Amino acid sequence: MNDKLIIIGASGHGKVVANIAIKMNKWQSIAFLDDDKSIKTSMGLEVIGKTTDAFTYKDEADLFVAIGSNATREKIQEKLIAEGLNVVSLIHPSAVIGTDVELGLGSVVMAGVVINSSSRIGKGCIINTSSNLDHDNVLEDYVHISPSVGLAGTVRVGKGSWLGIGSIVSNNVNISSGCKVGAGAVVVKDITEPGTYIGVPVRRVDR
Ligand SMILES: CC(=O)SCCNC(=O)CCNC(=O)[C@H](O)C(C)(C)COP(=O)(O)OP(=O)(O)OC[C@H]1O[C@@H](n2cnc3c(N)ncnc32)[C@H](O)[C@@H]1OP(=O)(O)O
């Protein structure tokens, strides 16, 4: 662990991530990298360069990729890991994490989240504000669980899928990789193909 944390991405998601890092009280300094040169500071923290500058901080700083797009986050985080940079995970102090829960590198657990026993969270996942994941869930890498999502017990979400705000998934349901589940949707049966799904219960809308 280093004294400095560098967060890649200084926009809205980056600000929430920085707030969590501040609350964790583990780093003496926190700064951003962002490819938008017009952003000089965010939330009072300095933007010290662009994404590719991350590699110059090897052995000097911990890194976190705060980019909402699952695909972009994966691309950047995988490069950082391949180059041996120290990617960390972040957990808001108000989150409740059960026994035997695993959290992969570069994942963030935001304020008010509950993750119950024996759940497995992959690399680079976003577990957004006030979402709840019950027991034995499996989230593959680079999944985004939006605010106020509810996953019942033994739900599996495939790589890179995005569950929209307030969506709900019944117990023992599997969701394929590469899915978008719309805001407020309800998933009661397995989703076996990548695609965009909305409604109650969900129907596929991107054919
Ligand atoms: C902290 C944070 O902000 S985290 C991010 C949280 N954000 C979210 O959760 C957003 C989730 N995104 C959605 O629900 C999106 O609407 C998506 C991904 C399902 C679809 O997005 P798009 O493909 O751009 O669809 P678009 O907005 O063009 O809507 C197409 C139609 O579907 C309808 N529609 C879109 N989303 C939904 C939904 N969730 N439920 C029901 N109907 C919907 C629209 O009203 C529209 O209907 P119309 O053709 O009759 O006017």
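Keep in mind that glycine also has a Cβ here, set from the backbone N, Cα and C atoms.
Model, not experiment: these values are computed from the prediction.
The domain 'PglD N-terminal' annotation in TrEMBL covers 4-80. Per-residue pLDDT, averaged over the domain 'PglD N-terminal' (4-80), rounds to 97.
The feature substrate binding site is assigned by TrEMBL to Ser11, Gly12, His13, Gly68. Within the same chain, the residues at least 6 positions away from Ser11 (substrate binding site) whose Cβ sits under 8 Å from its Cβ are Asp34, Ile39, Ser42, listed in sequence order.
Here TrEMBL flags His135 as active site, proton acceptor. In sequence order, Gly98, Asn116, Ser117, Ser118, Ser119, Gly153, Thr154 constitute the residues six or more apart from His135 (active site, proton acceptor) in its chain with CB-CB distances below 8 Å.
Taken from TrEMBL, the feature site 'Increases basicity of active site His' covers Asp136. Around Asp136 (site 'Increases basicity of active site His'), the same-chain residues six or more apart in sequence whose CB sits under 8 Å from its CB are Ser117, Ser118, Ser119, Gly153, Thr154, listed in sequence order.
If you look up TrEMBL, you'll see His144, Ile165 marked as acetyl-CoA binding site. In the three-state DSSP scheme, His144 (acetyl-CoA binding site) is classed as strand.
Residues Ser11, Gly12, His13, Gly68, recorded as contacting substrate, have a largest CA-CA distance of 9 Å. Across the range of the domain 'PglD N-terminal' (4-80), the DSSP-based residue counts are 31 helix, 20 strand, 26 coil. Distance noted between the C-alpha atoms of His13 (substrate binding site) and Ile165 (acetyl-CoA binding site) is 14 Å. Note on the binding-site residues Gly12, Gly68: the fewest other CB atoms within 10 A surround the CB of Gly12.
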